[in-house]
Protein chains: 2
Amino acid sequence: MKKHNFYAGPSILSEYTIKNTAAAVENFAGTGLSILEVSHRSKEFVAVSDEARALIKELLDVPAGYEVLFLGGGASLQFCMVPFNLLNKKASYLDTGTWASNAIKEAKFFGNVEVVASSKDSNYSFIPKNFTVSPDSDYFHFTTNNTIFGTEMRYDPEVGCPLVADMSSDIFSRPIDVSKYDVIYAGAQKNLAPAGVTLAIVREGALGNVERPIPTMLDYRTHIKKESMFNTPPVLPIFAALQTLRWYKELGGVAALEKINLEKAAILYDEIDRNKLFKGTAAVEDRSIMNVCFVMNEEYQELEAEFNSFASAAGMVGIKGHRSVGGFRASIYNAMPKSSVEALVATMKEFEKLH
Amino acid sequence: MKKHNFYAGPSILSEYTIKNTAAAVENFAGTGLSILEVSHRSKEFVAVSDEARALIKELLDVPAGYEVLFLGGGASLQFCMVPFNLLNKKASYLDTGTWASNAIKEAKFFGNVEVVASSKDSNYSFIPKNFTVSPDSDYFHFTTNNTIFGTEMRYDPEVGCPLVADMSSDIFSRPIDVSKYDVIYAGAQKNLAPAGVTLAIVREGALGNVERPIPTMLDYRTHIKKESMFNTPPVLPIFAALQTLRWYKELGGVAALEKINLEKAAILYDEIDRNKLFKGTAAVEDRSIMNVCFVMNEEYQELEAEFNSFASAAGMVGIKGHRSVGGFRASIYNAMPKSSVEALVATMKEFEKLH
């Protein structure tokens, strides 16, 4: 039976990415060797890394003065790398969920941290608005998409200081204005590649302004200088990322992806709002187009486990909600075909008829 | 034509590892999904991670009180994680090559570092002996195998304080006495898995003794507590590692691997010593059984480029030496079949006949 992959991350990748990666595990670029066992300094892999970084610059319209890095350690390592490199006197953070809160915790090791607003008291069901950022902040950090709570900031906020964003779960889902950011980072395992590589886009002019010594591996300048080959990069995840990026370009780039994403999200939210059994958990104006969180309506609470089994039997994988929210979460990243969203909607309708 | 993969890293993996990983990229554990796109919290992947950690404990005879971790960021990140977690007053380091020297550089960010000996003045062609380690050192750090220079310490030194070792390029090549170590770490991309995961074996009792605050991701206790799932681990590299570990067990474990490794290394070193065209670069008593470094003999220097082409044409991949040593380097890790070592020897003999 066809499986519909709604995992929150690691999550669905395009058939194009999977097919080409499978082929490279057998024989990479005609080398007669597997992508699993080729040197990162082989000319064939250097070409992969170069093309991937160039495509990221092209797709996100990255201005001059920025470098694209492939790093190890996950977005969680960026929670400390960002303040290590950028926090001089004070940084401002917006608390919109578990990952934002983890980033705040790490920043506090390094200096004065201003939390400008938080929706924690409402279990992060909305994005705080009307907050003020101190103009003397070194940067304003926010999480564009809150994977666990299904809220998203689909804009580049104007706050009076440079932006730093964790875009792990919605990068490449829409156009962004990179020039407003000092650092953008994203764990690859949602919209780019299998787990194991983290993308960072760093403004070189933002570096070198802190007094503290920075361990070599945690200094963005190390990786900029060596074009992400200071140490051995995660070869296979970068190869897979290149496949995804080529597919994005073929589809028409991030503006085209945004159009498709809005359409897919609307199909699913419309059903959640219409179906008597379900309701959404995130504030309507802040709904994520990547992670759609919903629960059973009050009077149908007892059907939760049954719907989970019913949907599993219909081929839906990974729709159980995170324990912080409960209920269900359908992650509908870039690679999720509209047909899978429609299949989930059909399953919801069918389940409604039974009750 | 059959390729013989002598890359220093990322490097050859067993056919068993490659075949099973290729199959899992198509369909992982019967889930109908690719290993590239399954949640690290799926029961199928949790089983992979658990089995891999258990097999490491079994193969290396890891005593109670130690935890096995899969981390991101490469062995180079361990260069700062080790002193972050363990360096209280003073640490002692042995300088045997580029990576040892990089580890020393990072430790200096954290405290007093005693370099007990160095072979740098001899371009790291031997392992210093007869050095003394201060008994009040928090730990003694050394690199068991120097990938670039082809030297190796195939023993667990007795120095009067706990050991910490970078075993990136020879872990699983022989039995070790883990009980002498506080931390053993190894980038996976030589004897374990494709690039993207780092193995760490950590004695829990060695942690919590430093005053400094440790960022969450750099604190070994974070990863111990969450069984390497504090954040998303590199799923595919860990899956591939499990395949390698199963293959090692099937072959008879690390004692059996050591026997084969000694035999393969002897075949190649014997030819280097016999063949009039070549000579080894490492001190004979310190020769690595993983990375065999050799250059043209003085009177045949001008043949270097020609031998490189000749060997390439015979299917030898990755034998160009590191720029720090020049000449040639044949990396003959655990997964390298004896037949490939014999093929290289045959090529050397054939080339000798031409001159």
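Glycine is treated like the rest: Cβ placed from N, Cα and C.
Unlike curated entries, TrEMBL annotations are predicted automatically.
Given the structure is predicted, the values throughout are model-derived calculations rather than measurements.
Feature annotations, reproduced from TrEMBL:
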DOMAIN    B:5-344  domain 'Aminotransferase class V'
BINDING   B:R41  L-glutamate binding site
BINDING   B:A75, B:S76, B:W99, B:T147, B:D166, B:Q189, B:N231, B:T232  pyridoxal 5'-phosphate binding site
MOD_RES   B:K190  N6-(pyridoxal phosphate)lysine
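This view paints the features noted in TrEMBL onto the structure.
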{"residue": "B:R41", "record": "L-glutamate binding site", "Cβ within 10 Å": "15"}
{"residue": "B:A75", "record": "pyridoxal 5'-phosphate binding site", "Cβ within 10 Å": "28"}
{"residue": "B:S76", "record": "pyridoxal 5'-phosphate binding site", "Cβ within 10 Å": "24"}
{"residue": "B:W99", "record": "pyridoxal 5'-phosphate binding site", "Cβ within 10 Å": "22"}
{"residue": "B:T147", "record": "pyridoxal 5'-phosphate binding site", "Cβ within 10 Å": "26"}
{"residue": "B:D166", "record": "pyridoxal 5'-phosphate binding site", "Cβ within 10 Å": "27"}
{"residue": "B:Q189", "record": "pyridoxal 5'-phosphate binding site", "Cβ within 10 Å": "31"}
{"residue": "B:K190", "record": "N6-(pyridoxal phosphate)lysine", "Cβ within 10 Å": "32"}
{"residue": "B:N231", "record": "pyridoxal 5'-phosphate binding site", "Cβ within 10 Å": "23"}
{"residue": "B:T232", "record": "pyridoxal 5'-phosphate binding site", "Cβ within 10 Å": "23"}
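Distance between Cα atoms for B:T232 (pyridoxal 5'-phosphate binding site) and B:R41 (L-glutamate binding site): 9 Å, as a whole number. Of B:R41, B:S76, B:D166, B:K190, listed as recorded positions, those near chain A by the criterion of a Cβ under 8 Å from one of its Cβ atoms are B:S76. Max Cα-Cα distance over the annotated pyridoxal 5'-phosphate binders (B:A75, B:S76, B:W99, B:T147, B:D166, B:Q189, B:N231, B:T232) is 30 Å. The separation of B:K190 (N6-(pyridoxal phosphate)lysine) from B:A75 (pyridoxal 5'-phosphate binding site), Cα to Cα, is 12 Å. Taking the C-alpha positions, the distance from the residue listed as 'N6-(pyridoxal phosphate)lysine' to B:S76 (pyridoxal 5'-phosphate binding site) comes to 14 Å. Taking only the Cα positions, the spacing between B:W99 (pyridoxal 5'-phosphate binding site) and the residue listed as 'L-glutamate binding site' is 34 angstrom. Here the CA atom of the residue listed as 'L-glutamate binding site' lies 11 Å from the CA atom of B:N231 (pyridoxal 5'-phosphate binding site).
The predicted model assigns the domain 'Aminotransferase class V' (B:5-344) a mean pLDDT of 97.
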